[in-house]
């Protein structure tokens, strides 16, 4: 587990530790509801507690919070090796990009503006191949 909490002087409670360990094991952006479903099998933590802890951890820079087009927020670790996602507008499937395409853009922005870029948030919304195929199949059936 990445111990951002130590450098941020964050007290690591039992529930915070459970949430961070679960997010680390999940290894993909996760919603509060998904996280609650995973941890409710082994803890009595309530959904409101999960939301409160996720808010605290994202406010303190330990987690990144990304809100999708559907209004749902996903959380992931805030680390040097971060990731960006493709999100299907139809089925909400999430595909993680293999690398960050923003490094060169950040350098260019810094050179042009003098800003020291601290972080960025990039999300692509589209239609996944599976949903595209389903759409084409439905379209072909309706033509028959």
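Cβ atoms here come from the backbone N, Cα and C positions, even for glycine.
Residue 120 (Fe cation binding site) has a Cβ environment of 13 other Cβ atoms inside 10 Å. Annotated Fe cation binding site per TrEMBL: 82, 120, in sequence order.
In the shown protein chains, 17 other C-beta atoms lie within 10 A of the C-beta of residue 88 (Zn(2+) binding site). What TrEMBL records for 88, 91, 128, 131 is Zn(2+) binding site.
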Given the recorded Zn(2+) site (88, 91, 128, 131), which additional residues of the same chain have their Cβ within 8 Å of the Cβ centre, ordered by sequence?
89, 90, 92, 93, 127, 129, 130, 132
Distance check, please: Cα of residue 120 (Fe cation binding site) against Cα of residue 88 (Zn(2+) binding site), rounded to an integer number of angstrom.
21
